[in-house]
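To keep things clear, I will list the structure first and then write my remarks on it.
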């Protein structure tokens with residue numbers, strides 16, 4: 001049994017030590033922690049990574065996954081974030097296929113089960129890392145650290161930082177190769193030319209494996225760079241403000257402060273947020289800022305652990321500390337800003353692997369504490385307390401990730417200075433119809449970040465809907481001034497200008513939007529509405545046709561084409577367009593209604609009736625559907641049916657003047673017919 005395990009002998013009960021029960025406990029605890037989120041919604045980035053990601057759909061060739069980023073954009077594009085995770089996207093696609101669509105529960109359950117499986121596997125990983133790799137004469141691996149590996153696995157399984165979601169060489173050198181790090185350091189310091197360790201590397205095949213690993217890693221990096229094509233992604237200052245600081249010293253201090261925040265999230269994972277950008281963490285600009293003590297404390301702790309790992313007389317402790325530090329530091333290096341700029345300040349997701357190193361260090365610490373104190377029960381109580389608090393925090397945090405409202409509001413207390421948090425709360429409120437509250441949060445987002453063009457765009461849209469057109473125009477004009485290629489803002493500005501009867505300016509705004517986003521069906525639709533208002537019918541039809549070419553399911557564009565052709569007397573062309581539209585969107589009741597009107601005017605009463613009835617079946621409470629069907633029956637001579645549907649229409653909408661007038665005409669006609677019969 002390993003020495004560390006012996007130190008924990010009186011803390012962990014022996015009843016949970018058999019491998020099967022240990023794995024059962026770890027798996028059960030990990031599921032309990034995150035089970036609360038199993039039936040949650042798609043939230044935050046899920047909409048772009050899953051719901052709107054075309055790479056998940058069958059029509060996208062599988063080969064495209066290897067050339068697209070995590071969000072479904074081509075890696076070679078200048079707008080790509082370069083987040084290359086093709087295997088993750090492939091699992092999303094499989095999940096989408098097996099569950100028959102975008103059902104959040106299947107994705108959440110898969111993630112929970114994956115974390116449970118990883119936690120169980122980490123039990124074996126920790127047993128090797130903490131106890132060493134040894135086999136019996138029959139070739140079975142010995143578990144020399146059952147207690148410490150169980151404790152580390154439980155800490156890993158219950159760490160709340162997991163709610164958001166080069167090492168092989170270290171393992172090979174220290175566990176398989178059994179390299180004596182202290183001896184190697186001493187020989188380097190004393191310039192010892194002994195080749196004993198080098199000979200060991202060659203004889204054990206370690207040097208060959210290290211060379212193979214290095215070449216493989218370099219090959220992967222080269223292939224990825226070739227696929228990315230245009231180099232690293234272009235992040236903005238709000239994503240990572242420290243990386244844009246002019247002073248090297250300011251950048252260095254803030255990077256180290258970010259490291260200390262990540263470390264604090266491992267130590268005290270109560271302070272969690274879905275996004276840490278946009279002013280959430282103000283820059284440290286002077287040595288007088290008290291926050292500089294955080295990186296100082298971090299480096300003091302790390303230097304102490306590194307010295308202990310290199311200089312401890314106990315070889316077993318040196319190995320555990322070195323492996324723990326390797327797991328803690330090496331997986332975090334790509335997120336450290338040392339090699340390239342990253343697109344975040346703090347990200348809980350990058351702590352998944354480092355948390356394994358942290359759990360090993362914590363287990364080592366409890367073992368060392370147990371060895372130097374007689375109050376074993378107090379240590380056991382502390383361990384149970386940490387596990388209980390972690391489980392409680394996981395349950396609470398999983399609940400916060402169930403839907404966007406809870407997730408976004410939970411961030412307000414953690415990052416009140418984060419403009420993106422206020423933006424997302426506002427967007428969620430707007431989606432639920434609470435425009436007044438949404439305006440308040442959008443205004444706060446703009447106040448915190450005066451260049452937040454997306455908040456300006458959304459706020460401008462709400463003001464446009466409330467007919468506060470002057471302020472809406474000011475906001476949208478400012479948004480496109482700050483970001484001239486913001487196509488959505490140009491389109492929305494055009495809508496506002498159209499409402500203000502500034503038609504030339506509106507057309508120019510629409511054209512500018514299309515220049516920056518050539519495949520923009522909604523903008524072509526709005527441009528068509530502008531042309532229709534100006535009686536430029538041919539231009540309107542062309543614009544709407546472009547919208548349907550780019551987006552064949554664009555129901556509004558099809559409808560407007562049918563209605564315009566109908567109103568201008570082009571019934572044959574209107575009928576042809578209506579039939580074409582229904583072939584593409586066969587269940588759209590508004591298209592059925594529009595085509596039924598055209599067929600009725602063409603005296604194709606039977607076919608028109610069938611479409612009206614089908615539209616009413618799909619949308620039975622539409623007063624206009626019943627009213628226009630009544631008009632059809634009125635023309636057709638089915639007066640009793642006409643009377644019935646006029647009455648239904650007026651029950652649904654008593655204020656419809658046209659229906660009232662037609663119903664009055666019908667009643668007079670029926671009265672005259674009755675008098676004749678008498």
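Heads up, the Cβ atoms here are built off N, Cα and C, so glycines get one too.
Of the given residue ranges 186-205, 206-225, 226-245, TrEMBL assigns the label transmembrane segment to 206-225. The stretch that TrEMBL tags with transmembrane segment, taken from the ranges 268-289, 378-399, 400-421, is 378-399.
For the domain 'DUF1736' (231-302), the DSSP counts in helix, strand and coil order read 37 helix, 0 strand, 35 coil.
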